[in-house]
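Some notes on the structure that comes next.
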Amino acid sequence: MTVATKTSEAAPGSQPKGPTLMQRLVVRPEIGAALGALLVFVFFSIITDRFLSPLGIATWLDDSSTLGIMAVAVALLMIGGEFDLSAGVMTASTALVTALLAVHAGWNVWFALLASLVLALLVGAFNGWLVMRTGLPSFIVTLGTFLALQGLNLGVTRLVTGTVQVSGIRSADGYNSAGWVFASTLNIGDARIQASVVWWIVLTAIAAIVLVRTKFGNWIFAVGGSLTNARAVGVPADRTKIVLFMTTAFAGWVVGSCSILRFTSVQANQGVGLELHYIIAAVVGGCLLTGGFGSAIGAAIGALIFGMARQGIVFARWDSDWFMLFLGVLLLAAVLVNNRFQKRAERVRR
Amino acid sequence: MSLRVRRGWQRSRRLLPWLAAATVLAACSGPGADVPAPTQSPVAAGKLNSVAVVTHGSPGDAFWNVVKNGAEAAGKDLGVRVEYNSAGDPGQQAKLIDNAVAQGVDGLVVSMANPDALRPSLEKAVAAGIPVVTINSGESESSKYGAIGHVGQSESLAGQAAGKRLADSGRKKLLCVIHEAGNIGANQRCEGATKAFGNGTTLQVDINNPTDAQSRIKGALEADRSIDAVLTLNSQVAARAVDGVKESQSGATVATFDLNTDVVEAIRAGKLLFAVDQQQYEQGYLPVVLLQAYRTNLNTVGGGAPVQTGPAFVDKNNVDAVAALVAQGTR
């Protein structure tokens, strides 16, 4: 916890004397990720001619954004010492609920969105409550919700629609206004920036402020660093963790809403396996798997690396058979760089 | 929960109006309004240099490997650079299409398992003057989205043909095995087959877990002894079904969609009645030819009517002829 507070107060201007600029930079958890992102960015900018074009930028920002929204929430949860394996499937569950209510029950899209939000928050709260109540690892508890949601997604969708995807939300009431919020595009020159990119930036900013500038942010570091110590000094640990689980569920709802309103159809098996991508982005962004250390901005940068690499590989016209290998090597490199910086950061602190 | 905010918030608060202003920038347009009418913008005849093929197959899938081989062979034959990419997630596939548009390819080949999700990206490609040919699935939406043609097999027709053939062989009850939960084409096949056959149920298995697939098929056959026909929708699952039938000692007849060397062997050995071949090599090869004819000569085929690649049937009569072709990855 103290570690984190120091990190936040090491921001330029808040300490007149102390470590040099270099040392202050080096203790930030996101610095390794930022360097990695720069490396990936320069690399693909040089070897491909379209990576830096407005259309190209819009493509990789788009890819990074939905991953980033989730990665930031997952990072907060990881700093709080927990995992959420149901996060990937949650993006499909919320989209399916919204679509089923709007298309098959004839609800206004806004009410459907509200209902899926309530449902998501309930699942999040349930995850958190169960983890705190039983003391079971969140890995197990959320694995359970992951499987349960996956089954519900398929079962309910097939039961209601007779098929495995829900489409047709475009003609539901309130689609236009809701679509404007979650799926509009912003034209900057030739680049068409998706609404999810704006959501990503805004949510990252909010998460970063909450994490390093509020009491709640300190609680997150505290419960992730040492739960018993946190409780001993009066941190409401249960409440903090439950809110964190609800935050990832909320992020899942945002991503689910962006995807259903943009793509206007959702498949029952969507989102399976994405939870690992979120965790990878958070780890690349400087979060420790053991909790108590990390940053929201770092996670957003981690997602950016992921998106740039994934689309950059296509721009580079590499054979897609090798795609996962490239991605794996890239991620390992990013984590290794990160790790090095973290060790150096710990030396500076001592 | 009360968030007691410290002085840092003051600083960030000054940023908020800017953030808000950026969000509501006038250039913003809603998802319904941002797509122009899907008409192909006039293109002058030119040369086809590059084609991007974006499918929904997962990497390493034997079926899509044949499509890829077909597309690459056409590229080699016609002197066109062909890039193949795929993603099973519809959103991810849409992003790969956006990527191809950003690269400024001369032609685009897309499989539409989830047409709604790909619509904005496809219309963007069409608006950018890139001719699009859809393949495999999405036959009914293809021309609506502005594609110049579709190459594939109608899934429900193929399903019906398979169901009819099984019924003709004197079977009474059908088990149709679905191996991908979210695949709409798989559902259409089973619906078609069940409809033409008359009496049947479906079973859900996971193609990524062959052990489980086999034991579930076995379990279904043991639970309902009246099932005397099994239809699988994928060649790998077919092999599992053949073993499942053997283990359960039910004696049910097995038929399948799609070919691989195991299926060829099983047909030869009489363990599989037939395989429905949709000749997906053509779904890779023909679109590149269509795009070439369109780019260089502004030709379209059949006024945009779908080109059917299947169903073709492989059974004991013709299995020897295609065996070598299956081995080389073109059937």
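Yeah, the Cβs are placed from backbone N, Cα and C, and that goes for glycine too.
Note that TrEMBL annotation is computational and uncurated.
Per TrEMBL, the features are:
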{"type": "TRANSMEM", "residues": "A:31-48", "note": "transmembrane segment"}
{"type": "TRANSMEM", "residues": "A:60-79", "note": "transmembrane segment"}
{"type": "TRANSMEM", "residues": "A:110-130", "note": "transmembrane segment"}
{"type": "TRANSMEM", "residues": "A:136-156", "note": "transmembrane segment"}
{"type": "TRANSMEM", "residues": "A:197-222", "note": "transmembrane segment"}
{"type": "TRANSMEM", "residues": "A:242-264", "note": "transmembrane segment"}
{"type": "TRANSMEM", "residues": "A:276-309", "note": "transmembrane segment"}
{"type": "TRANSMEM", "residues": "A:321-341", "note": "transmembrane segment"}
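Tertiary neighbourhood of the transmembrane segment (A:242-264): same-chain residues 66, 69-70, 72-74, 76-77, 80, 82, 84, 87, 90-95, 98-99, 109, 113, 116-117, 120-121, 123-125, 127-129, 131-132, 138, 167-170, 175, 178-179, 182-183, 194-196, 199, 203, 216, 220, 270, selected by CB-CB distance under 8 Å and a gap of 6+ residues from either end. Contact between the transmembrane segment (A:31-48) and the transmembrane segment (A:136-156) is absent: fewer than three CB pairs lie under 8 Å, with pairs separated by 6 or more positions in sequence. Residues of the same chain lying 6 or more positions beyond the ends of the transmembrane segment (A:197-222) and with a Cβ under 8 Å from any Cβ of it are 1, 3-5, 7-8, 61-62, 64-66, 68-69, 72-73, 75-76, 79-80, 182, 186, 229-230, 233, 235-237, 240, 243-244, 251, 254, 258, 292-293, 295-297, 299-300, 303. Counting residues 6+ beyond its ends, the transmembrane segment (A:60-79) has Cβ neighbours under 8 Å at 4, 51, 87-88, 91, 193-194, 196-197, 199-200, 203-204, 207, 210-211, 220-221, 224, 244-245, 247-248, 250-252, 254-255, 258-259, 274-275, 277-279, 281-283, 285, 287-289, 291-296, 298-300, 302-304, 306-308, 310-312 in the same chain. When Cβ-Cβ distances below 8 Å are used as the criterion, the transmembrane segment (A:136-156) is approached by residues 82-90, 92-93, 96, 100, 123, 126-127, 130, 164, 245, 268-269, 272, 275 of the same chain, each at least six residues removed from its ends.
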